[in-house]
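**Student:** Below are the features I grabbed from TrEMBL:
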- 8-13, ASP33, ARG38, 86-90, 127-128, GLU161, 272-275, ARG342: NAD(+) binding site (BINDING)
- CYS272: active site, nucleophile (ACT_SITE)
- 328-452: domain 'UDP-glucose/GDP-mannose dehydrogenase C-terminal' (DOMAIN)
Amino acid sequence: MVKICCIGAGYVGGPTMAVIALKCPKVVVTVVDISSQRINGWNSDHLPIYEPGLDDVVKQCRGKNLFFSTDVEKHVSEADIVFVSVNTPTKTHGLGAGKAADLTYWESAARMIADVSKSDKIVVEKSTVPVKTAEAIERILTHNKKGINFTILSNPEFLAEGTAIEDLFHPDRVLIGGRETPEGQKAIQTLKEVYANWVPVEKILCTNLWSAELSKLAANAFLAQRISSVNAMSALCEATGADVTQVSHSIGTDSRIGPKFLNASVGFGGSCFQKDIMNLVYICECNGLPEVANYWKQVVKVNDYQKTRFVNRVVSSMFNTISAKKIAIFGFAFKKDTGDTRETPAIDVCKGLLGDKAKLSIYDPQVTEEQITKDLSMRKFDKDHPAHLQPPSPTSIKQVSVVWDAYEAVKEAHGICIMTEWDEFKKLDYKKVYDSMQKPAFIFDGRNVVDVQKVREIGFIVYSIGKPLDPWLKDMPAVVA
């Protein structure tokens, strides 16, 4: 019976291993993590992450062929295949700070694997890592192997939060990269046989190690580039009176372009896009490709510009001051159907509004007050590190209240900023919302979820990303400093 161990019980390791256990009943899967709090969560009825469909998968397998444990060394030692799904945060200091991936956790995992192993192992990169990481890990394992053979594979994940289980059940592709040696090819075949239990063989792509590692960074860079492209167009649409929804639909019907990732918004977020692009930038710089690095940097610059533009629009629309004004924030997660707040645009927007002395009332159906407080008080990139290594955060922020009801959030508010496209925000009784707010009442829709015509008829002054401007707003241009 094949034994699989995954180091890291986060957003990638937990769901991926749960689905492998479900689809491969003859494989024993153990997910290990040094955080007892996280492992306790996976063993409870309240999983540590929210993902549609995940609960059912875990409940079907847990205790049968899916286990969660803090006994890292024991299960790594016993495994035939070890997936490494640890954090690879952006470096905050030293060489490559702000761009390069910090491989501290990866290296310590590799050294531990070498120390505790008593039999040959296939070691699989599951975290997003820079190109040539496998080579560095291979050297660590080789120099500490004590007669044991380690074969390195790259098996990047292509999951989208909110649809991760569906993505795992029906992937566009599974990518496995390995050395072009007999040992490497044999290891690729072993992992391929695991996925072939439910993934059609033609969708399992096999490449060399470096192609697999670069493919993950490239995929995220291309997706982020599409979002920044349509967001750049949204600014031009507002300036000219065009409607970005109509423009994106028009170009999306071109079969060469396609309709996905063409929704204009306040900006992209999530754990991967910015981190992976800056990682790509650093790799390009290190390889003497400054023009290529600058090209990809611009994708992040446009994303930052979009968030700044949104804050400036809020301030300029409300008589150029939001000091002491209550603003309701609808949504804090970086997108709907997830509780993940990593790199969410809401953080930068809220910090911008707080910098102008606004009072914020925040509501998100899946994000806790503790998480919101931590995010608004934490430095950039600190959140990528494990919880026990993050700096302590205050229990509250003076100008911020977190509520558990959208109607509560808007009471006596001057404006609403829609930051996450939760379905419930489309279904609210906006007449009831309007009646409870200060007048004039503003909606700043960062996700284009409201019916602009209907809410204008109620009495709202509406700013919707990339849509023709409300007459009120035309006289108050949003100038980016």
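Cβ from N, Cα, C; glycine included.
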**Student:** Within 10 Å of the Cβ of THR90 (NAD(+) binding site), how many other Cβ atoms can you find? Include all protein chains, please.
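**Tutor:** The answer is 20.
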**Student:** How many other Cβ atoms sit within 10 Å of the Cβ of ASN87 (NAD(+) binding site)?
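**Tutor:** Excluding its own Cβ, ASN87 (NAD(+) binding site) sees 19 Cβ atoms within 10 Å.
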**Student:** Among all protein chains shown, how many Cβ atoms are found within 10 Å of the Cβ of the residue listed as 'active site, nucleophile', not counting that one?
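**Tutor:** Within a 10 Å radius of the Cβ of the residue listed as 'active site, nucleophile' lie 26 other Cβ atoms.
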**Student:** If I restrict to non-local contacts, at least six residues apart, and a C-beta distance under 8 angstroms, what lies near GLN274 (NAD(+) binding site) in its own chain?
**Tutor:** ALA224, PHE268, VAL300, ASN303, GLU343
**Student:** Using DSSP, break the domain 'UDP-glucose/GDP-mannose dehydrogenase C-terminal' (328-452) down into helix, strand and coil residues and give each count.
**Tutor:** 42 helix, 19 strand, 64 coil
**Student:** 10 Å Cβ neighbour count around GLY8 (NAD(+) binding site)?
**Tutor:** 25
